[in-house]
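**Student:** The structure follows.
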Amino acid sequence: MSGSRKFFVGGNWKMNGSRADNKVLIHSLSEAHFCGDTEILIAAPFVYLNEVRQSLAKEIHVAAQNCYKVPKGAFTGEISPSMIKDVGCDWVILGHSERRSIFNESDELVAEKVQHALAEGLSVVACIGETLSERESGKTEEVCVRQLNAIANKIKSIDEWKRVVVAYEPVWAIGTGKVASPGQAQEVHNFLRKWFKTNTPSGVDQQIRIIYGGSVTAANCKELAQQHDVDGFLVGGASLKPEFIDICKARQ
């Protein structure tokens, strides 16, 4: 990664955890000694956000895994950015492939969520990525551009872009044990950075962090972290294990 962009590692617990399990994970994170040049985020299930935020060191961000596109109302089962902020959290993950595929979230809905979250003062990890069939059909760039265009159409200022981290997560590599090679990851990340140079305000391409998600482990993280345009990771299953600490230290 570029030395001008702070390394970023997010741990997405997904629909996992219990109060007892969380306590163990939080203890291990609290005992670890992280370098100040890495930004760390934990995305916990909604019901645990308050407790996780109160238990973790303030240097570690706590994020929600989703939110809705309006401030309040008759939307059973949804939560708003203001609710996330009300329990002391300042980040949200939006557009994760599981939200897109399982819950049929469209590019436009994801973009509207990003727009509202930013307007309400949250920072956003915005996820994009292609399926295996799309990659095999040579549509990786087309899919990523389609997803990014929807988001970019809702973000007008460089100040808002400063609160966005883009997570490239090839869907075929999530939870499968398959992982994009360092070369494959760098190729897509470099393409995305060039896209930002052409399609967003001047300077966004160099300051925005593009992180990789997809079966990241302690075994493969160091080589991935050495790629110029890979600015960190969005970690799923491994964030529930002790090796998450090693992944957070990939740049040390």
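Cβ coordinates come from backbone N, Cα and C, glycine included.
Below, the features straight out of Swiss-Prot:
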- ASN12, LYS14: substrate binding site (BINDING)
- HIS96: active site, electrophile (ACT_SITE)
- GLU169: active site, proton acceptor (ACT_SITE)
**Student:** Can you tell me how many other Cβ atoms are located within 10 Å of the Cβ belonging to HIS96 (active site, electrophile)?
**Tutor:** 28
**Student:** Counting only other Cβ atoms and using a 10 Å cut-off, which of the recorded positions ASN12, LYS14, GLU169 scores lowest?
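**Tutor:** Result for the recorded positions ASN12, LYS14, GLU169: minimum number of other Cβ atoms within 10 Å at LYS14.
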**Student:** Give the distance between the Cα atoms of ASN12 (substrate binding site) and HIS96 (active site, electrophile), rounded to the nearest whole Å.
**Tutor:** 10
**Student:** Using DSSP reduced to three states, classify GLU169 (active site, proton acceptor) as helix, strand or coil.
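**Tutor:** Once the DSSP labels are grouped into three classes, GLU169 (active site, proton acceptor) ends up as coil.
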**Student:** Look up ASN12 (substrate binding site) in the DSSP assignment and report helix, strand or coil.
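**Tutor:** In the DSSP reduction, ASN12 (substrate binding site) maps to strand.
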